[in-house]
Amino acid sequence: RPFHVEPTNIVSENDDMQRVTDEASAMNKRIHYYSRLTSPADRALIAPDHVLPAPDEIYVYSPLGTAFKVDSCTDGYGKNSSLVTIFMIWNTMMGTSILSIPWGIKQAGFTSGIILILLMGILTLYCCYRVVKSRQMIPLTDTSNWEFPDVCKYYFGSFGQWSSLLFSMVSLVGAMVVYWVLMSNFLFNTGKFIYNFVHDINVTDIVPGTNGSNKVICPSAASGHPPQNRSVMFSSGNRTGFELFEEWWDKSQTVPFYLIAVLLPLLNLKSPSFFAKFNVLGSVSVVYLVFMVTVKAAQLGIHVEFNWFTENEFFVPEFRILFPQLTGVLTLAFFIHNCVITLLQNNRNQENNVRDLSIAYFLVGLTYLYVGVIIFASFPSPPLSKECIEQNFLDNFPSDDIMSFVARIFLLFQMMTVYPLLGYLARVQLLRQFFGNAYPSLFHVLILNIAIVGAGVAMARFYPNIGGIIRYSGATCGLAFVFVYPSLIYMISLHRAGQLTWPALIIHIFIILLGLANLIAQFLL
């Protein structure tokens, strides 16, 4: 009998030792991950000493999405459950692209828009699956700390390293430009709402719109560009003060410059990790947008008429030649390929990676589909045309709309906290490549940040079209990270193993051609 007890204790002790070993190994991998992101003197993304035993604290970034901290609901050994993994992927992918999905559906046509969302979701999911598998197909003993750029460097040498850096910078800078345009928009409308409320001014925009309490407007019908401050004052108030306010509070002339005073100093901070504490606002904003869309649809009703190939005054055809504009937006909307390995490597059950990734993509696609279809279908046509749906669907609601005001406040605060994190990642990736240090000097960092901020201000001033910016940057970085690199790496690995077949070759060459056609079409339509 004693011999039956003793082995049990030995097994138990061995299990405990194995768990401790696994935990230490996970912690070392985590430290190694951070050390590759930052210089030894720059600890913005390095876990502080007092939390080093929690190896699950990882920051991942998604263009036009959120900065997400992988740190909750672990099993005590640095691993996440499948539910947490699915939520992290959903939260990382859900970004500002959701604001342009209704416009994209309008550009493609209602029926073709729905089909394209489904097809692009499936295609990008498959390419994301190829990214996850690419590291596993490398015949080396230990690639557990590798990210996708490391895989590109292994297969393509210095070209893969520098090209992945280039396309990564395109996605990051594109995201920061979109953020600046949207922050200018949200700050303008928020300031206008507050000023009118405080001074008891009843202002009606001189743009076409519906009547009643649930007002919807058509800014694009007033001019060929997004509306500025054109409005008419109907009730009491200091007219001189009101005109002065409209002169100094202009969506494109002044507000984009006001943001510089707040955000440029934040970009120069060595450690922006404080702002990662607010990443939960990304989820809150998306949930609120879904709630708002549902309420607005219940108030406005459904307005749909199927015209398969012809266009009339109020409705658009079900299939339109402008559909590549939606595919460009969707390429970035479903983009997570540059950080998916990081998200999945802490999944407790690695054999469930494909399932969890598929569920997350399904939920993301469902969210995009719900918001896009509901906004498009409930847009009041007539009296307004479906062509009035703006690239940012919040622009279809006046600044004095309460629900839109709350949404803009949420999104403005969220973007102002994520923007410094995106700027930090751009700094780390670019300056470390050229100077070997993420913060070589204040002068270097300031020059880089002025260039990035200048690009955002210029776009907010002269081209405040987030749909256009998203589709251009999405098709560009998506060409590399979504279509070309995953397919090429898969074909090369099969060829080296002597397993490459003609069907696999044709399918993946076709995927590459789709990505190239997607990019070219953005400049032709």
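Including glycine, each Cβ sits where the backbone N, Cα and C put it.
Feature list (source: TrEMBL):
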- 81-192: domain 'Amino acid transporter transmembrane' (DOMAIN)
- 260-521: domain 'Amino acid transporter transmembrane' (DOMAIN)
- 83-103: transmembrane segment (TRANSMEM)
- 109-129: transmembrane segment (TRANSMEM)
- 162-182: transmembrane segment (TRANSMEM)
- 253-269: transmembrane segment (TRANSMEM)
- 281-302: transmembrane segment (TRANSMEM)
- 322-344: transmembrane segment (TRANSMEM)
- 356-377: transmembrane segment (TRANSMEM)
- 402-422: transmembrane segment (TRANSMEM)
- 442-463: transmembrane segment (TRANSMEM)
- 469-492: transmembrane segment (TRANSMEM)
- 504-524: transmembrane segment (TRANSMEM)
* Remote residues contacting the transmembrane segment (356-377) - C-beta distance under 8 A, at least 6 residues beyond either end -> 82, 85-87, 89-90, 93-94, 97-98, 101-102, 104-106, 110, 113-114, 117-118, 121, 124-125, 128-129, 132, 286, 289-290, 293-294, 296-297, 302-304, 330, 333-334, 340, 344, 347, 386, 389, 393
* Can you find at least 3 Cβ pairs under 8 Å between the transmembrane segment (109-129) and the transmembrane segment (281-302), where each pair is 6 or more residues apart in sequence? -> no
* **Distal contacts, the transmembrane segment (402-422) - CB-CB under 8 A, six or more residues away** => 59, 61, 66-67, 96, 172, 175-176, 179-180, 182-183, 185-187, 189-190, 193, 262-263, 266-267, 269, 272, 275-276, 278-279, 281-282, 284-285, 288-289, 292, 295-296, 394
* Asked: Under a criterion of three or more Cβ pairs within a distance under 8 Å and sequence separation of at least 6, are the transmembrane segment (162-182) and the transmembrane segment (281-302) in contact?
  -> no
* Asked: Under a criterion of three or more Cβ pairs within a distance under 8 Å and sequence separation of at least 6, are the transmembrane segment (253-269) and the transmembrane segment (442-463) in contact?
  -> yes
* Which one, 281-302, 442-463, 469-492, has the most C-beta pairs under 8 Å toward the transmembrane segment (322-344)? -> 469-492
